[in-house]
Amino acid sequence: MKQFTSVHDVQDIAALVNEALELKQSPYAHKALGQDKTLGLIFMNPSLRTRLSTQKAGLNLGMNVMVMNLDKEGWALETQDGVIMDGSTVEHIREAAAVMGQYCDIIGIRSFPKLQDREEDYSEDLLRKFIELTGVPVVSLESATRHPLQSLADLITIKEQTAAGKRPKVVLSWAPHIKPIPHCVANSFAEWMQQADVELVITNPKGYDLADEFTQGAQVLHNQDEALQGADFVYVKNWSSYEQYGKVLTNGEGWMITNEKLALTNNAKVMHCLPVRRGLELSHEVLDGPNSLVIEQANNRLYAAQAVLKRMLEAN
Ligand code: SN0
């Protein structure tokens, strides 16, 4: 595997999920693979799970790991080509990324969308430049439009919790929030679930439909109660509007998943990528109750990252 930026970079998704589950059984079985190899993790935005799980994944494979919060610790980065740098930016991505490529065998990069200009965010300019300029395999640690390591961990979790031969109903349910949140997790989840053996239903208020390129084929319902009927998994996530790009259109009253809402489902397991705002996105009772998978889901981030890094080490 040369890059991991979306589901489209994976040839055999089921095999990758199985590989992650094998790594979960014996995480240290491939320590020799990463010997004398360096993983560089670059963050332009905050992170807890992605940072720690990907770091640990590299260490489990015997790699050296370097982490840098480039937004806080690096020089102010210029990403536009051809500009005269007589303002606040100090270093151009052309040099910065090329230099990081000299020190690392694999690079992970996190860069959120700005949620100002839809075309700019959906062009994935920074991620594409990183891939081109570093010259080494690149793993997306959440880009402007996707969060593929999260989605792989989500699929691993669903597979683990589903009886063999059953095709579960998975509902991606929009949740309330107070500020504009990226579409990445929801886009990516929709994209991965379309490739998996599940029935995907998406439910969100009017004005919050995700981009067609990610939801194509999936049923989208604006009535949450209808969507929740018979669900085996409810994936809770907020996102800002795609149509009125980056805007918060409603306070989403009545959209939080509670025990009352869960009663409409097939005793569904509840998922969230975290961080979660308790009492706003998801109720305390559900998060603390027996149906919540959020901690196991976060645990699986480690094996998702380890499976991807293993594939990259094997290919190079
Ligand atoms: C990010 C997102 O894309 O939804 C990262 C999730 C892995 N989440 C947030 O930005 C939450 C911020 C907040 O204030 O709740």
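Cβ atoms are placed via backbone N, Cα and C, with glycine included.
Remember, predicted model here, so these are calculated numbers, not experimental data.
The feature carbamoyl phosphate binding site is assigned by TrEMBL to SER47, LEU48, ARG49, THR50, TRP75, ARG110, HIS147, PRO148, LEU149, GLN150, CYS273, LEU274, ARG301. If you look up TrEMBL, you'll see GLU142, HIS177, LYS237, ARG277 marked as N(2)-succinyl-L-ornithine binding site. Residues or ranges marked as domain 'Aspartate/ornithine carbamoyltransferase carbamoyl-P binding' in TrEMBL: 2-160. Sequence annotations record features per position, and here TrEMBL assigns domain 'Aspartate/ornithine carbamoyltransferase Asp/Orn-binding' to 185-310.
Features recorded in TrEMBL, as mapped to the structure shown.
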| residue | record | DSSP (3 states) |
| --- | --- | --- |
| SER47 | carbamoyl phosphate binding site | coil |
| TRP75 | carbamoyl phosphate binding site | coil |
| GLU142 | N(2)-succinyl-L-ornithine binding site | coil |
| HIS147 | carbamoyl phosphate binding site | coil |
| HIS177 | N(2)-succinyl-L-ornithine binding site | coil |
| LYS237 | N(2)-succinyl-L-ornithine binding site | strand |
| CYS273 | carbamoyl phosphate binding site | coil |
| ARG301 | carbamoyl phosphate binding site | helix |
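For the domain 'Aspartate/ornithine carbamoyltransferase Asp/Orn-binding' (185-310), the number of residues in each DSSP class (helix H, G, I; strand E, B; coil) is 44 helix, 20 strand, 62 coil. Using GLU142 (N(2)-succinyl-L-ornithine binding site) as the reference Cα, a 10 A cut-off selects LEU149 from the binding-site residues ARG49, TRP75, LEU149, CYS273, ARG301. SER47 (carbamoyl phosphate binding site) sits 15 Å from ARG277 (N(2)-succinyl-L-ornithine binding site), taking the C-alpha atoms as the reference points.
Using a 10 Å Cα-Cα cut-off around HIS147 (carbamoyl phosphate binding site), the binding-site residues HIS177, LYS237, ARG277 reduce to an empty set. Reported as a whole number, the C-alpha separation between LEU149 (carbamoyl phosphate binding site) and HIS177 (N(2)-succinyl-L-ornithine binding site) equals 23 Å.
When the Cα atoms are compared, ARG301 (carbamoyl phosphate binding site) and LYS237 (N(2)-succinyl-L-ornithine binding site) turn out to be 17 Å apart.
In terms of Cα spacing, the binding-site residues ARG49, TRP75, CYS273 that come within 10 Å of LYS237 (N(2)-succinyl-L-ornithine binding site) are CYS273.
Screening the binding-site residues TRP75, CYS273, ARG301 for a C-beta under 6 A from any atom of ligand 1 leaves CYS273. Counting in whole angstrom, TRP75 (carbamoyl phosphate binding site) lies 32 from HIS177 (N(2)-succinyl-L-ornithine binding site) by their C-alpha atoms.
Between the CA atoms of ARG277 (N(2)-succinyl-L-ornithine binding site) and ARG49 (carbamoyl phosphate binding site) there is a gap of 16 Å, rounded to the nearest whole number. Reported as a whole number, the C-alpha separation between ARG49 (carbamoyl phosphate binding site) and HIS177 (N(2)-succinyl-L-ornithine binding site) equals 20 Å. The separation of HIS177 (N(2)-succinyl-L-ornithine binding site) from CYS273 (carbamoyl phosphate binding site), Cα to Cα, is 15 Å. Annotation for HIS177 (N(2)-succinyl-L-ornithine binding site): spatial neighbours ASN238, VAL248, GLY252, ARG277, LEU280, GLU281, criterion Cβ-Cβ under 8 Å with sequence separation of six or more. Taking every pair among SER47, LEU48, ARG49, THR50, TRP75, ARG110, HIS147, PRO148, LEU149, GLN150, CYS273, LEU274, ARG301, the residues listed as contacting carbamoyl phosphate, the largest Cα to Cα separation comes to 30 Å. Counting other Cβ atoms within 10 Å of each Cβ, the lowest count among the binding-site residues ARG49, LYS237, ARG277, ARG301 belongs to ARG277.
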